[in-house]
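First the structure, in the form of structure tokens, and then the observations on it.
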Amino acid sequence: MLSSWQKKFFQTPEHPPAEGIAPPRDDGVPNPEPVTYPDTKYPSDVVNHDAGEMLPNEEAQDGVTQAEAITLTWSKISLGAAYFLMWLLYLVNGFQASITGNLSAYVTSGFESHSLIPVISIVSSVMSAATYMPLAKVLNLWDRSIGFIIMVAFATLGLILSATCHDIGTYCAAQVFYSIGFAGIIFSVDVITADTSTLRDRGLAYAFTSSPYIITAFGGPAAAEHFYDSNWRWAYGCFSIVLPVVALPMFCLLRWNRHKAKKSGLLKDKADSGRTWMESIRHYIIEFDILGVFFLAAGLVLFLLPFSIAGSTEDDWKSASIITMLVIGFVCLLVFALVERFVAPVPFLPWALLASRTVLGACMLDVCYQIAYYCWFNYYTSYLQVVYGTSITTAGYITSIFDVVSGVWLFIVGFLIKKTNRFRWLLFIAVPLYILGVGLMIYFRKPSWSVGYMIMCQIFIAFAGGTMIICQQVAVLAASDHDHAASSLAFLNVFGTMGSAVGSSISGAIWTHTLPGALQRLLPDSVKADWQTIYDSLEEQLSYERGTLIRQAIALAYASTQSKMLIAGTAIMALSLVWMFVIRDIKLTKTQTKGVLF
């Protein structure tokens, strides 16, 4: 039965190549024949490139051909400028994520919708997940710069809408545009990083581009408190100005070097397709699998949202609207599966990638990691402020420990990958350490413990989480060639983002089904009737002085709720102990890219 399932969904099984062929030279002298390495067993490890070839691969997809032409054309100065601009883009993303992340609880509380944080996260995550594969196709079929600038437009629109919204509905819509845009920008930058680096140095390249998070971890929370004291709308408004200013030079750099490549003859004009406008529209609807994207996004949103909002409805799970959403969501997911299997000429996901156990293992590891993380993270800043009495700035610093520690640690991880030409051994350390960090948070979550123990757990999580993220990216890229690099990264991001949506759904379900009951049980009789007001607003919760019976009751209710979230996250993360063994121990000596590289 398993073999028949594989034949249906996967193209061909992996067959070992011939062995005994000499490894490629690294001195620029071409090898006369394709090469494999003594310890490789699978086709993904076969090197079919001529090491001395200085022409872009005309048989690759247009976006890949253009990327190779650019790296063969540009100078070291252009390479340095590209990495500096990508570093700036990560800096902008880090600042806006840190600032708006610390303000989101107050923005939603201002609309009396604090409990809707997971709902917004679920919708944003699902829509982002549905965007990755179409974006990868834009990057592959058209141009890296085109996909990048489209995502900049989405992010800018989301920021403008967030700055001008006056109700929770508009804010939710703004967050969807904003999340799609910034997720797409970072994905585009990661693909460009893969285009412009060797496989051995890719870990270091990703460490460099993501290093701005070290800076934003300190500046973001303090800026968030300043915006909260003055006007939170400018937290979004200022970035709607800054983002285009930083992004346009990157777009211009790519377009200019593309122009140089065409002028030098490395890049040829694309032949006219001969399609009419209507034929082109139909072609791209099929190519981007718009039908599949619609059913996937609708199915996930409708199926996951009830878990977060059922507890806040009058009839709970008996509510007709909740039952309807679950049924329609399940039907949409079923239709998505049937459409992908029997109807779609170009499926939403390149399922054949899962024939590689490395891609499968990395994707499932990322799913477990994201679910486990978002099981407890969405309400973590609120938890720190209520239970430990931290300010917005201090809570932001604690949640930013991951960015600081992992930002520095990733350089060491990248160096270790470069020196050993291996990455899997790092997972054997990182996965157990992550489980330990989350597990210890269960024990230290109570108000009676010092916040220092929570900081210790965050440091463990930062070391482990940063290592897992970089190893997952290197794994899927090592298991594919340059032509499929964007698709492989998109595949990983789709799984990870859907995992974050599931984690947010679990978090919301625990919150709405645990915290109200805990408040009604623990609050003094004098304020029991006000439990709904307290539940809906973080500002209301913080208005009670620390040490009072009311504040202590709220803190204990938070601790009880956080405990269930952490237990769920730890249990799910334990599955990663299996997935890390599924990933193959690939030696990172393949030649994938050409030209002037990182």
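Please read every residue number as a count from 1 along the shown chain.
Yeah, the Cβs are placed from backbone N, Cα and C, and that goes for glycine too.
Since the structure is predicted, the reported quantities are computational estimates derived from the model, not experimental observations.
When Swiss-Prot is compared with the stretches 204-224, 540-560, the one noted as transmembrane segment is 204-224. Membrane sidedness, as given by the topological domains in Swiss-Prot, is identical for Lys137 and Arg422. Of all ranges given (491-511, 512-532), Swiss-Prot attaches the label transmembrane segment to 491-511. By number of Cβ pairs under 8 Å, the transmembrane segment (77-97) is matched best by 234-254 from the list 145-165, 172-192, 234-254, 342-362, 397-417. Spatially, the transmembrane segment (397-417) is not adjacent to the transmembrane segment (234-254); fewer than three Cβ-Cβ distances between them are under 8 Å for residues at least 6 apart in sequence.
Counted over residue pairs separated by six or more positions, the transmembrane segment (563-583) shares fewer than 3 Cβ pairs under 8 angstroms with the transmembrane segment (290-310), which leaves the two as not touching. A 10 Å cutoff on Cβ-Cβ distances gives Asn102 (N-linked glycosylation site) a total of 27 other Cβ atoms nearby, all chains included. Only pairs six or more apart in sequence are counted, and the transmembrane segment (491-511) with the transmembrane segment (234-254) gives fewer than three Cβ pairs under 8 Å, not enough to call it a contact.
Across the topological domain 'Cytoplasmic' (472-490), DSSP helix (H, G, I), strand (E, B) and coil residues number 16 helix, 0 strand, 3 coil. Summarised by DSSP class, the composition of the topological domain 'Extracellular' (225-233) is 7 helix, 0 strand, 2 coil. Put simply, of 172-192, 290-310, 342-362, 425-445, the stretch with the most CB pairs closer than 8 A to the transmembrane segment (234-254) is 172-192.
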